[in-house]
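Working notes, structure below.
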Amino acid sequence: MSWGTELWDQFDSLDKHTQWGIDFLERYAKFVKERIEIEQNYAKQLRNLVKKYCPKRSSKDEEPRFTSCVAFFNILNELNDYAGQREVVAEEMAHRVYGELMRYAHDLKTERKMHLQEGRKAQQYLDMCWKQMDNSKKKFERECREAEKAQQSYERLDNDTNATKADVEKAKQQLNLRTHMADENKNEYAAQLQNFNGEQHKHFYVVIPQIYKQLQEMDERRTIKLSECYRGFADSERKVIPIISKCLEGMILAAKSVDERRDSQMVVDSFKSGFEPPGDFPFEDYSQHIYRTISDGTISASKQESGKMDAKTTVGKAKGKLWLFGKKPKPQSPPLTPTSLFTSSTPNGSQFLTFSIEPVHYCMNEIKTGKPRIPSFRSLKRGWSVKMGPALEDFSHLPPEQRRKKLQQRIDELNRELQKESDQKDALNKMKDVYEKNPQMGDPGSLQPKLAETMNNIDRLRMEIHKNEAWLSEVEGKTGGRGDRRHSSDINHLVTQGRESPEGSYTDDANQEVRGPPQQHGHHNEFDDEFEDDDPLPAIGHCKAIYPFDGHNEGTLAMKEGEVLYIIEEDKGDGWTRARRQNGEEGYVPTSYIDVTLEKNSKGS
């Protein structure tokens, strides 16, 4: 099968077909180009997505620690590598497929143009030979007709008796001339015809088949090139499949690395404050002052003793406690015992069972009208708030447990830096010894400035370590003391109630007097206690805010930098001081945020 023999007369068709082949090649090249743009945009969008969800971290504290977060960031890293492989696909297609197609299309256009020009030239040469043969043929035909006319004229004159001999001779000469010219044109025509037949045979059996064969080979090479580009298009994708598979395997491994128990433990390590939960509230017996005995002589005495006891045990307690519900405490009474409800004593000391309706009625009223005294645990999150203000050097703005961890981390970092400086000092000393033994290697004095700087760094780091260790010891000792103090309070069931700090810690002061309401006669009206206000505590000093404090949490007092407040209760060791504004608003503020000045007659109270 050859175009030269099968399609010898289809020059125009082959012209159109080869042009279509080049157009198809360029169309496929355009397709590859658009695919490359898609891959590039896809990779760019993936990288932007990774950059959006994996921002740069400014410090180590912001690095992800939870296994779910670490797994997500590992997935983002794998996705970033996956985006890189999409870029590799685009680059491979651009180099191996698109670039090769464009170069080959340019070469095809040049080669096709050359072959078509050769075919047209061969056709033009054959047409020229045909015209020469046709002209000689027409000239031979014309000379033959002229010779026939000359012969007819000669015969007519020769048969005419009236014609002169000269006319006959002239006609004969004219006939001979025309006959000679006809013979010459005949020979010319025969030569041109033979030449044309030869050129035509050469054209259709040699020249055109050769040109068409070259066009056929060109078109077949175009088809082969398309096949190679198809394969290269797929190979560009197949080459990155192993790496993409590794990226996907990395994502699967990241998913398997998620440990929910470890994350839960990290939550505990991150937010554990170190405080202990508040202890149980002691039972407050408000019914003992209304107990009566059968003897009339003991009624008034019991009232007086009860009144004295209540007045003594309740004096000033309202000042020392931040009431969670904003109400004045009910009168304090000795603990209620089962025998006090049902027994009475006679003057001679004998006891007998009795049933009093009044205490039961009072207890029922307490159950129906009394509000639950539940401490607020929202304040326990005081030390976890990220809005506390600027971080302090000793981390006193953090809860004890978090403060201990931060200090321990800083001590570990300082120890590592100290070890580096110590190693550098040892290296400098060794180098100095080498220089002293071999002066030609260097000047020992040149190492003295660096050695002095290293020693200064070591001293500075040791001081920092000592300072942080002192803070750490303070935190550990304070946490242990607070637990012992709360345990002692729970065992002794002190009637005095501890002050609740904003963190939820309690500070019990057994030496503080407790003030109760005035002695009332008749039935006790529980609604009076609901709406009475506490007397304001006296100021024991004043303070000035060093840092601003928002005071969003319950029981705290917001303050601005430079604001002056009254001190109404000192820091009991939990890092909080109770203060009051001039408008009477009270609350707790961080002790490390204020500059405290106490009155001389109030210090130590």
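The backbone N, Cα and C atoms fix where each Cβ goes, and this holds for glycine too.
Annotation source Swiss-Prot lists domain 'F-BAR' at 1-263. The coiled coil annotation in Swiss-Prot covers 66-258, 392-484. The site 'Mediates end-to-end attachment of dimers' annotation in Swiss-Prot covers LYS165. Positions annotated as region 'Interaction with CDC42' by Swiss-Prot: 245-535. Taken from Swiss-Prot, the feature domain 'REM-1' covers 397-474, and the record attributes it to sequence analysis. As annotated by Swiss-Prot, compositional bias 'Basic and acidic residues' applies to 476-490. Swiss-Prot lists 522-605 with the feature region 'Interaction with DNM1', giving experimental evidence as the kind of evidence. Residues or ranges marked as compositional bias 'Acidic residues' in Swiss-Prot: 527-536. If you look up Swiss-Prot, you'll see 538-599 marked as domain 'SH3', on the strength of sequence analysis. Taken from Swiss-Prot, the feature region 'Interaction with DAAM1, DIAPH1 and DIAPH2' covers 541-605, and the record attributes it to experimental evidence. Positions annotated as region 'Interaction with DNM2 and WASL' by Swiss-Prot: 541-597.
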Whole-number mean of pLDDT values that fall within the region 'Interaction with CDC42' (245-535): 62
For the domain 'SH3' (538-599), residues assigned helix / strand / coil by DSSP: 3 helix, 29 strand, 30 coil
Helix, strand and coil totals (DSSP H, G, I; E, B; other) for the domain 'REM-1' (397-474): 72 helix, 0 strand, 6 coil
